[in-house]
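A.B. asks: The following feature annotations were taken from Swiss-Prot:
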{"type": "DOMAIN", "residues": "4-96", "note": "domain 'GST N-terminal'"}
{"type": "BINDING", "residues": "14, 43, 57, 80, 81, 124, 128, 129, 130", "note": "glutathione binding site"}
{"type": "DOMAIN", "residues": "105-227", "note": "domain 'GST C-terminal'"}
């Protein structure tokens, strides 16, 4: 069986890119990074648009595979972070650390996915750079906007963690819920959200920060992180 090659196009501060960086490091899967500077508009270049028509990051390009979607192509692109995370779970089920509960536990798997989707669908899209620019153009305060919506979203996450948290979001093993949680907290802290309002979320986040994979994936330690922001 051939080993897929992975190329990740992302931005150091993108929480969606951070999810994939954490997953790759947790699974010890090698990948090639391609920085895309969102502030310089590199996501709108013709070159990048040819790879990802949504002009967003991250983009995961997988090559050296049997491409059943487009058989004439030797590579396959995934332009949504949750889809990419699920792909890694399904494409490498036996030789990489699992980030979903066993298939024999569909309830726990659904709970993990619910937490992921609250973060990915209800929190991140309404607080990202694109929306912040729109809010500012309407004479709103993008920081207040982002902080208020992030606080609402994390309130929902906290309620779910009351049901399931052990050492991590769902029990005592790291799952995709934790992978999504960490970059979301990074983003929320940048707009001044008080994480102390959510004690279970705070505890799980701090537990995740102890993981070497999370430390390697931290936005302050990426090759495209500006020198003045590096840790």
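Each residue, glycine too, has its Cβ placed from N, Cα and C.
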A.B. asks: If I restrict to non-local contacts, at least six residues apart, and a C-beta distance under 8 angstroms, what lies near residue 130 (glutathione binding site) in its own chain?
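C.D. replies: The list for residue 130 (glutathione binding site) is empty, so the answer is none.
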A.B. asks: Within 10 Å of the Cβ of residue 81 (glutathione binding site), how many other Cβ atoms can you find? Include all protein chains, please.
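C.D. replies: Step by step: centre on the Cβ of residue 81 (glutathione binding site), count other Cβ atoms within 10 Å, giving 28.
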A.B. asks: Of 14, 128, the binding-site residues given in the record, which has the fewest other CB atoms within 10 A of its CB?
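C.D. replies: Lowest Cβ count within 10 Å among the binding-site residues (14, 128) is 128.
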A.B. asks: Give the three-state DSSP assignment (helix, strand or coil) for residue 57 (glutathione binding site).
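C.D. replies: Its secondary structure by DSSP: coil.
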A.B. asks: Around residue 57 (glutathione binding site), how many other C-beta atoms are within 10 angstroms of its C-beta?
C.D. replies: 24
A.B. asks: What mean pLDDT does the predicted model reach across the domain 'GST N-terminal' (4-96)?
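C.D. replies: Residues in the domain 'GST N-terminal' (4-96) carry a mean pLDDT of 94 in this prediction.
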